[in-house]
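Please read the structure below before turning to the comments.
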Amino acid sequence: MDREIRILHTADTHLGYRQYHSEVRRQDFFKAFETVIQDAVDMQVDAVVHAGDLFDSRNPTLEDLLETMNILSRLKAVDIPFFGIVGNHESKQNTQWLDLFEEMGLAERLGKTPKLVGNTTIYGIDSVPKSKIPLYDYSGFELPDSLPENCKKLLVMHQIVQPFPYADWDCAEVLENLPFKVDAILLGDYHKYEKIKVGEEETWATYSGSTERNSASENEPRSYNIITLSGEGLEISRRTIPTRNFLFITAKIDGEEKPYEQIFSAINEHLEEIPESVVFLDISGNSDSVLSFSEIEEYLLSKGALVSKVKDARIKETLPEEVAKVAFSDPDHAVAEEIRRMSLNDGGLIVDEIIRSPDVVRSRVDEETENRLLRLIETIDFEDPDFRIEIPASPISSTDSIDPVSPINHPVSSADSVSAVSPESSADHVSPDIIENNEKPIPAVEAEKIETLDPAGETEFVAGIAGKTETFRAPVRIKNSESLNEALKKSYEAPDKVREAPDVNPEPPEPLPAFKNIGSPETFGSCETTVSSEVPEKGGERTELEDDAVNKTEKETGKLSGFGVEAGSEKEDADRIEKPAHVPDKAEKPVKQSQRKGKGKSAVPRQYNLGDYL
């Protein structure tokens, strides 16, 4: 060997790391790296080798890049080459940051092609994921065309290798598979300084350690290595780097009284060391007192600490063993159970499958979902109720269907009874419970006596027939000997066909002043009724004006023979047809429709239509 070669070996600088969210700590990492580079310039080393994790992130900020280039330019100014490999923290898919610096003439990326420094060749292997280590290809390593006499070979890696802790690659295996003998392996990724001999040839393997503390557990001094190669062999020496102080304080609480005084007393014992330090306070002892961590941290900051961290070890000490145990469930089983609990329909299951499928890329989720749902819709017959998901409604109470109520004290809600007047209340929509018992639903009514029309004892009532969305009031003639409920039941069970009224054209009744038009004549079963198209705007007792109007109406309609409907032309009937409006009563209480049956269409069990979701 013609002359002695000195190479500075460093690694794990983690530039750009804002430790504890502190801008000062970010600057500390750059200062440590700057110290290393300045030492290389001052010692006039032959080269600087960086063994990975130059940056803490694969996406450093522009400010981080500019500061790094300014520091590396110091080496370029004195013709000291900077060699590096890619670590796991900064690794990108294609072009690496080292490639950018190489284009700028600030660095050179190591690989299977050697870099020559004097009579020393340097190779590099970028960080390899653990899963790809068994597949690593050792072929392709080249030797210089003409090897210098007594040429030394160095290999740079960013990997934790055996026999070091947490190793995932056998260092001896690497040495055996290389096509040449290596004099030393310069390593990165392990933040602690280490130096041992490995393999049958007893090759040196060394970690330089990180240049700054990345965690509180890294309590040893930070350093870098100087590799000296000469005719006498290879020598590895360590140089430490001055870094910010990490101060650890322990406070033990004895008894329940004055815990803060005991803690502050322990802190005050280190007042000279606290300024500009990163301070960690561990609290132990009696756990009965409750402490405010923020108050303690503020006290440390008031004493000059750069960063203050408080750890309460008492919590861990008081936890019972069974509480401290952690159990993990199968994630696939948990997801399947949650999907089952959600009761998704076919469309929901399709969307869930697409979103969680690893075979569908994110950019194609919307397109794939739309296509699958369209195919599902094409296979569905929306007129066939079989594709619906039926949820049985709650059983109907007998009191909901046959108990008459007073129009004053017990107003009828449109959600409480069946609209026998509406076409929606046909036999096709009767509750299955009623069909099974061979009974027809009997509507709840509100009724009040109007007058006796003839000596035969027929009395006319105004019956409020409560439907799904509207309320009608209709005069119904019954005999005195029959109760209103029996009359309504008889009328409802009669044939559906309505007998035609004789050709009598009664004069239309005079309009009533405080009345509101809400509907047209309708039929209630076979009981031919005249449904008054006018009802009072407000509930309550009938006024004399209303009684006179009703009496006059009945006298006019009494000319009809038997039970008949109000006669008129088709045009007049069509003109009177309009959607009835529900006249709510002040005392009416809302009732959930899902709690009752026998209400027209709502008598069918509640259904969820897939079309509603699509």
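Here the Cβ of each residue, glycine as well, is placed from N, Cα and C on the backbone.
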Annotated companion of ASP53, HIS158, ASP189 at the Mn(2+) 2 site, Swiss-Prot, chosen from ASN88, ASN219, ASN225: ASN88
Per Swiss-Prot, ASP12, HIS14, ASP53 bind Mn(2+) 1; matching candidate in HIS21, HIS191: HIS191
DSSP-derived class (H/G/I helix, E/B strand, else coil) of ASP12 (Mn(2+) 1 binding site): coil
HIS158 (Mn(2+) 2 binding site) and HIS14 (Mn(2+) 1 binding site), distance between Cα atoms, whole Å: 13
Rounded Cα-Cα span from ASP53 (Mn(2+) 1 binding site) to ASP189 (Mn(2+) 2 binding site), Å: 7
In sequence order, the binding-site residues (ASP12, ASP53, HIS191) whose C-alpha falls within 10 A of HIS158 (Mn(2+) 2 binding site): ASP12, ASP53
Integer Cα-Cα distance in angstrom, ASP12 (Mn(2+) 1 binding site) to ASN88 (Mn(2+) 2 binding site): 10
Inter-residue C-alpha distance, HIS191 (Mn(2+) 1 binding site) and ASN88 (Mn(2+) 2 binding site) (nearest angstrom): 14
Residues close to Mn(2+) 2 site centre defined by ASP53, ASN88, HIS158, ASP189, Cβ within 8 Å: ALA11, ASP12, ALA51, GLY52, GLY87, HIS89, SER127, GLN159, GLY188
Inter-residue Cα distance where the pair is ASP53 (Mn(2+) 1 binding site) and ASN88 (Mn(2+) 2 binding site), in Å: 7
